[in-house]
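Student: Structure below; questions to follow.
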Amino acid sequence: MSGSSAAPGPGSGSSPAACRFAHYFVLCGIDADSGLEPDELAGENFDQSPLRRTFKSKVLAHYPQNIEWNPFDQDAVNMLCMPKGLSFRTQADNKEPQFHSFIITREDGSRTYGFVLTFYEEVTSKQICTAMQTLYQMHNAEQYSSVYASSSCSMDSLASSIDEGDATSLLKLQRYNSYDINRDTLYVSKSICLITPLPFMQACKKFLFQLHKAVTSQQPPPLPLESYIHNILYEVPLPPPGRSLKFYGVYEPVICQRPGPNELPLSDYPLREACELLGLENLVQVFTCVLLEMQTLLYSQDYQRLMTVAEGITTLLFPFQWQHVYVPILPASLLHFLDAPVPYLMGLQSKEGTDRSKLELPQEANLCFVDIDNHFIELPEEFPQFPNKVDFIQELSEVLLQFGIPPEGSLHSSESATKLKNMVLKDLANDKKNGNVPNNSVSVYELLKGSETIARLQALAKRTGVTMEKIDLPASLSEKEKDLKLQCEEADLRDSQLNVQLREVFANRFTQMFADYEAFVIQTAQDMESWLTNREQMQNFDKASFLSDQPEPYLPFLSRFIETQMFATFIDNKIMSQWEEKDPLLRVFDSRIEKIRLYNVRAPTLRTSIYQKCSSLKEAAQSIEQRLMKMDHTAIHPHLLDMKIGQGKYEQGFFPKLQSDVLATGPANNNRWVSRSATAQRRKERLRQSSEHIGLDSDLREKYMQEARSLGKNLRQPKLSDLSPAVIAQTNWKFVEGLLKECRMKTKRMLVEKMGHEAVELGHGEANITGLEENTLIASLCDLLERIWSHGLLVKQGKSALWSHLLQFQDREEKQEHLTDSPVALGPERRKSDSGVMLPTLRVSLIQDMRHIQNMTEIKTDVGRARAWIRLSLEKKLLSQHLKQLLSNQPLTKKLYKRYAFLRCEEEREQFLYHLLSLNAVDYFCFTSVFTTIMIPYRSVIIPIKKLSNAIITSNPWICVSGELGDTGVMQIPKNLLEMTFECQNLGKLTTVQIGHDNSGLLAKWLVDCVMVRNEITGHTYRFPCGRWLGKGVDDGSLERILIGELMTSASDEDLGKQCRTPPQQKSPTTTRRLSITSLTGKPAKPNAGQIQEGIGEAVNNIVKHFHKPEKERGSLTVLLCGENGLVAALEQVFHHGFKSARIFHKNVFIWDFVEKAVAYFETTDQILDNEGDVLIQKPSSKTFCHYVNAINTAPRNIGKDGKFQILVCLGTRDHLLPQWIPLLAECPAITRMYEENALLRDHMTVNSLIRILQTIQDFTIVLEGSLIKGVDV
């Protein structure tokens, strides 16, 4: 094989191996010299009969010996060719050959495919037959002793039927599933395998079956087997992109085709089978799990089913690529891989008759378990649905039905096969009745034999196990081999067409969802080196803006998907395409987006959730049909090789010993395909070398990319070949390092997103994390904690490893607590205020928090309880502390975990707890906001100012607590008590407290400093400042007040009634306006006109910003209206400016007094006699103003004058009437009597400016909290 750039070295294969269809041919089986070696790594069960045990297999031969850039991995190939080692059979057993494929993912992420045909050969070695006989004698002796060992035994399903005294039964037992060297013929498994660079599964399967047929056929093959193997290794090239290729097997030609550069990448695994095995509903659910990078475990007795589903799912991910551990067939010796605390997609072979419940998996909290054989899946909790899932499945169903495949799957079952046969026969009978089919059966066949219907029928019948003889068609049908061959080819064509059409539907969903993704890619780096260096610190995708641009139903899925590694890699590839050749998948995807824009013009911001079907199905199917109908390339025919005479002698049933010298290297003569491919290869090599000189060193690039991603590529794909303890230990150490790094990244992300620094630094202005994004990040943290607690677990006791650990800790602590009779609590016992009213300290207890969760009947699973406990601990800022306490019980940790487990690596564990501790810097409400229906106990304390007021009053006090989720209703406070506890449905974040009394008795005046309310589960304590009197004839005469809450810090040991470490977020209305208790507070400094105007502008601006945020980001509107710097307080400052002092009037005068005088003026003055120009403007607004003021005055509430003004402002804001009322009041004659001449309300320019500012909130729909306007009927 000339035309290569360098002469091939001995035993190395030829240079242009990258252009060859197949790289290696491999033979695996029993080594006669080694004899029978039990496969200990496969977890051998010696209770089984020897024929059911597995033994070590070996690679007997492989050709060529090695390829320089793709070294032969002997251990991995042997392990995957025979994942359970050698198996033995006798003449009585089924010995049908079995085909399966496998994949080897190298550390750099590149893949090699293997295609294996396993068949059985007669054992000719007497040594092995004797060894098997000996094993059976030993096994039968053990069985004999076990049968007679007990008088009341029922040993197992077989032995239980044996009569203890019946020797004949024992003989039957020994004969069942046994081996007798004199009576039985022993067979052993052997595998032939092709290793290829691309997954041409159908072509390799046909070639291997022809090779096997040549071995088992009575007639020897036309040429020695070496000719066919040499041909496929060295003389069959890879078809170029967009072309088809025909090469020759032993008996028939084999056809394959490769998609073009602008088509979806090659996928030869039939999605039809995946749909039949799982059903469309399950397939889409598993696909969603893989998209969200959940741990996914496939489970089946059949290796090829595992590969078909795994490859089918990963193929559908286009344009994204699976970035983590990918082992579709997990050999029995590698079951420890399931302990990996990283996302994975793995396949596990089930043993015959094994129940799912007996399968012990290290971690199931975030596992998607797919039982392929039983058509059953188990999904993780908190699982978001794929966008437009119902319409999506409907579109996929239509495609399947066009190909005669039921969307619900299970067509492989015998029952479905029978239904199919009956359905087809019924259709034929109906056609005959209708006169569409002649009576003559031969004519029926002649009519149908060339049709698509019969081709599909025969292809389906072949798959479902319905033989053609069972259908009453003429015998001549089975004799027409050419017709069957054509039908078989047509079935393959239809499989390929179905494949591409299903994939087009999936690809179309992503094209629609991410049609505008480029608009949100952040490209800040000037060159590749600086981008790679700072990759970890940079945000590459504007997630918040992207999500705000999406339809609401898409958000639960998209918010989680854009956090995955596969999406991050996709965006990385997009940014890298500035400096280097675009990733092939990205190139195809971008071209499709361009096509959408050409045919479907739309603005990037006009997102819609209307489902848009795929429009390119016919086009995609036609391109495949055109390639298969007309061959672009035909490979050289197999031919005689220069072999030694007498070797390679044919012996039926035995695969011959191949001549290695003729298979070690390629041919010396020129080959036009190889020459052409080699030239292209050399050109590609020159371009690669050139780009290396110009651009960044590739090693440096790979280093940075590995560092930038959450786990390195070597961690994402552990090696299958080296299973030494040192390598396993090193792999585990990498897992530990990876978990620690992931924890650091997640906590940092949570902090940055919560504080909003990231968005500000990127120039997006102020940005707070949305509830949806926060929920996504916290769910991701819960998943990480579950994976950490599952790593290195010794004994699994439930689906949640974390909750299991907590339960065992709780059990030990409660036993200890009973012994010592002391509660587990941390922190001081009590907190006292200066007034002597005590707010009892909430116990800081891990066990108590667990009990809260255990009392929540809404949560049904251990995984749900663990997540709720994490959320509660995070909200209480105790997550790190609780976990530290949990892990402080070292004997328990040692009992539960292996030495290599993350939780037993002390240094890493301490760093992990430190990273979690950093989350205490921000406030989370992730428990309160999620569990909205649970009953929560609250404790309230009223703190009076004793120096100036009675602590106890004779009247009947009451309280009403309101939050974002509801209110308690009016609750009577027991007399002479300032503290009370109550239980009600979760109120959410607390916003207001209404407090009052009925003014009865002699001591009915009450000066309240503040009210404290605490959530007894989360520990959140709210302070509601008051500082005002409640009573008639004092202050503004109010018997009830509305107080606005501020959240206190949980760590402060100061007086809760006086101090607050954090700046107050909210204050009760009017507390900063003016206080009549001058002896206590002194006279506050009055703001000047400029400060007042600035305050108005700020208050209105805050309301405008509130409504410009996404709905889930908005805070409390009550605070913006009635809080310390709210609109009410700002307008009070305006109305107080220049207000004539009480010294002149000899009594306290309030703004409401001025309002009432204005109303009296409007009601008594006959405005019709006034200037008619003013009447038109004033009359409607003045009537409305009077109506609102009178409604407030007549409301059945004992609200003071300041409280009434607050209600008036709130209603005027809600109904957009303030800009009309302000000029009315400014022009009212009473203003000259009650205001100084320099007052702001008497300055026309200031009033006009105020009106313009208030008009900016006219377009917003303002909804007031019920507690603010309760009882006012307008």
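Cβ coordinates come from backbone N, Cα and C, glycine included.
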Student: Can you tell me which of these residues Swiss-Prot lists as phosphoserine: SER160, SER178, SER496, SER888?
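Tutor: Of SER160, SER178, SER496, SER888, Swiss-Prot lists SER178 as: phosphoserine.
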Student: From the list SER15, SER49, pick out the residue that Swiss-Prot labels phosphoserine.
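Tutor: Out of SER15, SER49, Swiss-Prot attaches the phosphoserine annotation to SER49.
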Student: Pick out which of the modified residues SER49, SER178 has the most other Cβ atoms within 10 Å of its own Cβ.
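Tutor: It comes out as SER178.
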Student: Compute the average pLDDT of the predicted model within the domain 'PLAT' (936-1044).
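Tutor: A mean pLDDT of 85 is what the model gives the domain 'PLAT' (936-1044).
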Student: What is the interatomic distance between the Cα atoms of SER178 (phosphoserine) and SER49 (phosphoserine), given in whole Å?
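Tutor: Between the Cα atoms of SER178 (phosphoserine) and SER49 (phosphoserine), the distance comes to 8 Å.
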Student: Run through the domain 'cDENN' (263-399) and tell me, per DSSP, how many residues are helix, strand and coil.
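Tutor: The breakdown for the domain 'cDENN' (263-399) reads 55 helix, 23 strand, 59 coil.
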Student: DSSP helix, strand and coil counts for the domain 'PLAT' (936-1044)?
Tutor: 0 helix, 60 strand, 49 coil
